[in-house]
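Below: one structure, written as structure tokens.
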Amino acid sequence: MTAVREAKASAPDPTPRGRPGGATVPDLPRVITGRVVRTRSGTVSLRVQGRTVAATAALLVALLVVAGITLTTGDFDLSVGEVVQALTGNGTGIADFVVNTLRMPRLVTALCVGAALAVSGAILQSITGNPLGSPDIIGFTNGSAVGALVVIVMLHGSMTEIALGALVGGLGTALAVHLLMIGRGIQGFRLVVVGIGVSALLLAVNSYLITRATFQEALEAQSWLIGSLGNRLWIHAQAIGIAVAVLLPLAFFLSRRLSMVEMGDTTAMALGVDVSRTRTVLLVISVALAAFATAVTGPIWFVALAAPQVARKITGSSGPALLPSALMGAVMLALSDLAVQRIFAPALLPVGTATGCVGGLYLIWLLVTESRKSRA
Amino acid sequence: MTATNRPASRLRAENLTLSYDQRTVASDLDVEIPDRSFTVVVGPNACGKSTLLTALARMLKPRAGQVYLDGAAIASYRSREVARRLGLLPQSSTAPGGITVGDLVARGRYPHQGLLKQWSADDEAAVVEAMRQTGVLELADRPVDDLSGGQRQRVWLSMVLAQQTEILLLDEPTTFLDIAHQVEVLDLCAELHARRGHTIVAVLHDLNQACRYATHLIVMRPGGIVAAEGDPSTVMTAELVEDVFGLPCRIIPDPETGTPLMVPAAPKGYAPARVTGTTDADADADTDVDGTASGNGPAASDTAMAKTS
């Protein structure tokens, strides 16, 4: 029998480490990161990454702080107590109006849209294995814009009809991109390249539609095209809220499989993951999230691109950190909205300008660092 | 060659027609992997050996025919169930950025885990054992990105071992490794085969390595046809190599193991360069006689002079 030359050397010395690692079998060295929580019977065992938990907690705190500032400050300052009273239905008339009619719907919309965009981006980036694979880069957002512009310019629809148009446009674009790739599988780089091409095409369609419009229509189109959270009512918050409530848990449920798919189709399949089904379902979730978000607020750039990457960095996660991404997106968008409302007041700056500025800088940084390290 | 007078193997393929898009790689292919064998598949480039392996691991759906695992069509199993019985080391995999060695090997436990059963005591024991076997236990905390090619291949192998399947399919496990690491990986496979009774199927390029390690050799020719199979010492003949690879050769016993060793025949009129302490200029003179190296002769002697100065 042949001897294993180098392997033998490691057999003794099970190097136990001082890490308090939950209930582990003695004698076995710890080989994985994070903590393990196990019930005594062993029926339930969970892996918990300390850094992810800490980052998630920090993001939750940040979210509460941003929400608190958004609800208490503005043209009409309120105390935290007044806000809480208003939220529980015991507020005075004016506080009730300011909180429940003006500020809350806008805040909830911002949080849900931010979370939806971030998770949409996280899924797409993971599937394509490319940080540029986000719905705003590969054309889904522009597709939504075409749908909305058609409604504004040609059908003169209402706000709800514009949203529906955006939804149809986004989903239709995803379908078109998918058809362009058919028979070749959903390969990351190709999806990004095809998507960028489709995106440019759709942008041209948008410009054409605006030249066809009257001055009034063009103004309305333009204000929709710069994503905005202004004048968002409960109906908007509810629409995106329901989408997020249904789709996010589904995405979280599939995230373990998604992290396996990141290792390559063959490897994931060899480990028992139904790769093509997983990917199709997640792609549909991602597209739907982006389309709903865009339908409610108009295109908001770069949240989907940046939030998942930042979330991955701060959690140090080797997989798609969907929950931290969602929180990161929510905080980013709520914070951007707070900034445009307070810093530039009384000018009514749409939130899209803020995310666009921050995101543009981020994109430059991303491209520079990506081109330095060539990806295998 | 489909004599089935003994009980059917756990893994076999019947009448396989394999194709990518429109290109048919193999048709009517029958393969049986003897249980507890170390089967090595060899053949010229693009003869369909890797394709066969991917079909055996149900990664490629055959256009016709069927792969059977433990008596049932492999397509009738749930993905996870197959992954508990049969492991595959693909030619290339992507390590997620920043992942540690331990976490990557732990992913091999995926088919045994669930939403609420993410890291059982069994998982832990399997992963530690797999890492010990491949000698990567010390590397547990290191990022996979930092490792050398040889170490990385051992980590991937370790991940497949952690899957704890009795059948292991290895698709060119030695590619991109230097010779020492190739031997190391193959020794490890041989050890797993001998000590654990695993059934191992590997696609290899090197005929001599194939002959040394295989207990069952399958030689394929282009078009996905099995040219010969069986014990390497009976299968491996000079006629077969010339026939399948188009390479004239001699087969001699391997001085280390006695297994067949294939030595390619030298081209007619071949004279080896003299390396008896003479200067490079002399060697140049030799080749110039053949008239083959007249162009690069001066350049070569230039570099030789540069070296000596």
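Here the Cβ of each residue, glycine as well, is placed from N, Cα and C on the backbone.
Caution: TrEMBL annotation is automatic and unverified by curators.
Per TrEMBL, region 'Disordered' is recorded for A:1-26. Residues annotated as transmembrane segment in TrEMBL: A:53-71, A:107-125, A:137-156, A:162-182, A:189-210, A:233-254, A:281-302, A:322-340, A:347-368.
Against the transmembrane segment (A:281-302), stretch A:107-125 has more CB pairs under 8 A than any other of A:107-125, A:137-156, A:189-210, A:347-368. Through the fold, the transmembrane segment (A:53-71) approaches residues 78, 80, 83, 99, 103-104, 107, 111, 311, 314-315, 323-324, 327-328, 330-331, 334-335, 337-338, 341 of its own chain, all at least 6 residues removed from its boundaries and within a Cβ separation under 8 Å. Contact check: the transmembrane segment (A:322-340) against the transmembrane segment (A:137-156) gives fewer than three Cβ pairs closer than 8 Å, residues 6 or more apart, which falls short of the contact criterion.
The highest tally of CB pairs under 8 A with the transmembrane segment (A:189-210), across A:107-125, A:137-156, A:162-182, A:233-254, A:347-368, is held by A:137-156.
Packing against the transmembrane segment (A:233-254) from elsewhere in the chain are residues 104-105, 108-109, 112-113, 115-116, 119, 123, 160, 163, 278, 281-282, 285-286, 288-289, 292-293, 295-297, 322-323, 326: each is 6 or more residues past its ends and has a CB under 8 Å from a CB in it.
Listed as Cβ neighbours of the transmembrane segment (A:347-368) (distance under 8 Å, sequence separation of 6 or more from its ends, same chain) are residues 110, 131-132, 223, 226-230, 297-303, 305-306, 309, 332-333, 336-337, 339-340.
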